[in-house]
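Below: one structure, written as structure tokens.
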């Protein structure tokens, strides 16, 4: 049975537009709903997040295929289509990188990090093809150049997060002799403080609870990789717990489990590093520059609906990046790294973290 010509025209005109917006929508849903998995065990929410998690990758990959297939195709109905397709392609790489709030839905997903790495290479091919085919007359070259590295960084972040949470990577990290240096050593970035229990019972603050929760997470995360518990750490942690009230003890466990969840299922470990901070700020600046450049460009040759879609993609990317940057700065991980810092910025972040969370 032959497909009606009108249906073909509608598909050619709107398929790319609809699917790329669906890809953006799936990212927004994951940013908003994925954190609920950490606190709620409702099956309906978990199933919905699972469906969106699977849909997000499928839609982005499918749309990349549509972009490469429709370039230089007059039936696509896009005015200035090659330039627009070249700009839209890196957004799909960005979407494939996923939000900070979820990289894996199950532990088994982390074991597929190598497949995701190979996928990065395969998805760069159609994205690069679309970009190269737009030369030499691409009027959207500047925003495209700024978005492209952001998409690659996001994809690499997700791949590294999956690898870092895999069984082999955790096993290797837990075998690091620096882990077994004793309970008295507690590392905050480059600083070390004494946590042998002295003085901790005098005044239990939210910062102390956060510090000790991270300490427990750091020393006992090896359980995930089937490592035996260190008896010394176990005894000393028990002594500290006995100093505190039940509410404080349960709060410590809650935060410790939160650290563990974020290590296994989000980008937390990757982005909360010096390199991660630098790249996150660079990505935000690049996306903002791309938005500003597109705003001042002459867009008379583009279809009005395509201009609106491009603005939606750019503003959506800036908004998601700003949200991620805010959560990054005021997260528990950042407070841990900044606890011993005497700078005004660090004090501001620690202070407002207490108010916000």
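Glycine too: its Cβ is placed from the backbone N, Cα and C atoms.
Here TrEMBL flags 14-36 (among others) as transmembrane segment.
Below 8 angstroms of C-beta separation, residues 15-16, 19-20, 22-23, 26-27, 29-30, 33-34, 36-37, 85, 88-89, 92, 95-96, 98, 102, 105, 123, 126-127, 130 of the same chain, each at least six residues beyond the ends of the transmembrane segment (48-67), sit close to that stretch. Marked as transmembrane segment by TrEMBL: 48-67 (among others).
TrEMBL lists 50-344 with the feature domain 'DUF4220'.
Per TrEMBL, transmembrane segment is recorded for 87-107 (among others). Sequence-distant contacts of the transmembrane segment (87-107), counting only residues of its own chain at least 6 positions beyond either end whose CB sits under 8 Å from a CB of the stretch, comprise 16, 20, 23-24, 26-27, 30-31, 34-35, 37, 49-50, 53, 56-57, 59-61, 63-64, 67, 119, 123-124, 126-127, 130-131, 140, 143-144, 147-148, 150-158, 161-162, 165, 264-268, 271, 294, 310, 313, 317, 320, 324, 327-328.
If you look up TrEMBL, you'll see 114-132 (among others) marked as transmembrane segment.
Per TrEMBL, transmembrane segment is recorded for 138-156 (among others).
What TrEMBL lists as transmembrane segment is 277-297 (among others).
Sequence-distant contacts of the transmembrane segment (309-330) (same chain, at least 6 residues past either end, Cβ-Cβ under 8 Å): 17, 20-21, 24, 27-28, 31, 84, 87-88, 91, 94, 99-100, 143, 147, 150, 271-272, 277, 280-281, 283-284, 287-288, 290-291, 294, 302, 349, 352-353, 356-357. Marked as transmembrane segment by TrEMBL: 309-330 (among others).
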Sequence-remote partners of the transmembrane segment (277-297) [C-beta within less than 8 Å, at least six residues beyond its ends]: 87, 139-140, 142-144, 146-147, 149-150, 153-154, 157, 271, 310-311, 314-315, 317-318, 321-322, 324-325, 328
